[in-house]
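Pulled from Swiss-Prot:
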{"type": "COILED", "residues": "149-177", "note": "coiled coil"}
{"type": "MOD_RES", "residues": "Ser204", "note": "phosphoserine"}
{"type": "DOMAIN", "residues": "213-543", "note": "domain 'Kinesin motor'"}
{"type": "BINDING", "residues": "Gly303, Gln304, Thr305, Gly306, Ser307, Gly308, Lys309, Thr310", "note": "ATP binding site"}
{"type": "COILED", "residues": "646-667", "note": "coiled coil"}
Amino acid sequence: MASQFCLPLAPRLSPLKPLKSHFTDFQVGICVAIQRSDKRIHLAVVTEINRENSWVTVEWVEKGVKKGKKIELETVLLLNPALASLEHQRSRRPLRPVSVVPSTAIGDQRTATKWIAMIPHRNETPSGDSQTLMIPSNPCLMKRKKSPCLREIEKLQKQREKRRRLQLEIRARRALDINTGNPNFETMRMIEEYRRRLDSSKMSSLEPPEDHRICVCVRKRPLNQRETTMKDLDIITIPSHNVVMVHESKQKVDLTRYLENQTFCFDHAFDDKASNELVYQFTARPLVESIFRKGMATCFAYGQTGSGKTHTMGGAFLGKAQDCSKGIYALVAQDVFLLLKTPAYEKLELKVYGTFFEIYGGKVYDLLNWKKKLQVLEDGNQQVQVVGLQEQEVSCVEEVLNLVELGNSCRTSGQTSVNAHSSRSHAVFQLILKAGGKLHGKFSLVDLAGNERGADTAKATRKRQLEGAEINKSLLALKECIRALGKNKSHTPFRASKLTQVLRDSFIGQNSYTCMIATISPGMTSCENTLNTLRYANRVKELALEARPYHHCVSPPGHEVPLMIENDNTNSGKSLQRDEVIQIPTVEKEEEKESDELTSKKEPAASWSRSNQWWEAIQETAEGVNGDVDFCIAQSLSVLEQKIGVLTDIQKKLQSLREDLQKKSQVE
């Protein structure tokens, strides 16, 4: 064990005093205090002194292992100031002993004061046993300088801690905001960032809409299992009770992604958490009482196939079975029978009848009579009648649900690229009120077939393509009828489709009320179809705003452009042809006395006007689902070739006329 021989405490070193002069105080074998990299201070034996480079080598034993290191002289003097001067050793002050108890690790003695170097009786390596070190009563406080190695270690440690903090922040942000396994990671991040900046309002603050003839609502469904498996993104945001936003992902020329946010405004917008009861409260429920006042109400669901139309109208699906008790069919029936029992309408002695039929391929079939084919005719009073349609009297909600289940079991369905059980027909369920055998009011609930793009059915069978064409044709006709209803036009083009023909009484008259529920899919893969649905519904909403100018709404950017394309193509074509025919005689009249060649232009014009009937003939041939499309295409190409020849002849004669006019102007 080392002896308790103490060296006197030296005064504070002057920075100008050369360090090499202090090597006279050092000798191999003395015991000095050193500081480890983990801030521990303990004793070690000097084994080597390098006077040229000003460093010493020390050794010590720790846990039975002999260790050593090189230390700068300045660092040793900071911890052992007694070695600074021999003269101060002679005049040292009395010291008081302090006992330091070693820790579990040998050589691990910690103290807040400075250590005083000691010289042992013999040259032995400190083993870390219990030692009593003499510390001055008034210790000299000196600033210890860290070695370059220690400073570099501390610098690296700070950088490491900073990197770890940044990584933890990034991981926490990713865990809260986005799923890093999503292939559309960047798009999801931009959508979430945009949503955080929006001020959303709760659906509970909704109030029932005021009475009006047209009501347009939008309902968003949640992501289904297939979309979740494909890691599809939800690109639909409903920030308030009447605003729908679509975040369309696009790509710049430099391949960077960005969002194009399109905003639509409607009477009401329902998010994916809204129930059928909530949707019914603000859509069909305000129209129920109108049929007791001799009104004709219509509520139809429109949207892409697989967007939730049948779920909204009929109820939720449990596998392949449908729970019809929570659909709009059942909710309307409940309110109808409740109003029948009120004193105001009980005295009318009204009876309720139910009908259920579908429109498939331009033909009408009775779903309550084994899909019997029906005829749609007009009677002497110009009222549309569905000949042979079976009407069954109902007295409670259960009987209505039985009719709905029977009709749904017979309804035409098929498989598409989006939905394995897609409805391929328009289903119309009607609740009719009669008083004394005469019609009193009628509520038509229409579950429309899903609208489809031609690009989606390009690889489908011919039958499926013809179905989609007929569906889109009837939906366009329905839009034109709603336009006429919103503008209070005297003429309604209901004859353009069987759907609008059977619903004629819902579009004509002051007691007609219409409610549209546009269902949309939230997935990014359905973005194009969703935008088409919202544009269709927004057009209906714009028409409703013309009838109710006091209601303000935010229209989507660029919505004026589709209105310019809304004109009928046939009428536009006819007006263009008429202008071309008129321009030629006008030029003839002006230049009749100057050139005799212009008289021959009347022949192409007459040929053009005689062929104006070609499109009508082709339409008659292609009318209906069973039309021969190949024959119509061949006939159209033949007529177009003839017209191209006529136009080429006119072009040559106009060029000749221009040349003659130029020559005449040069002569003058």
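Including glycine, each Cβ sits where the backbone N, Cα and C put it.
Counting residues 6+ beyond its ends, the coiled coil (149-177) has Cβ neighbours under 8 Å at 37, 189, 192 in the same chain. Sequence-distant neighbours of Ser307 (ATP binding site) (same chain, 6+ apart, CB under 8 A from its CB) are Arg221, Gly450, Thr519, Ile520, Ser521, Ser526, Asn529, Thr533. Gln304 (ATP binding site) has a Cβ environment of 25 other Cβ atoms inside 10 Å. DSSP assigns Gly306 (ATP binding site) to coil in the three-state reduction, outside any helix or strand. For the binding-site residues shown (Gly303, Gly306, Gly308), fewest C-beta neighbours within 10 angstroms: Gly308.
Using a 10 Å radius centred on the Cβ of Thr305 (ATP binding site) and all shown protein chains, the other Cβ atoms total 24.
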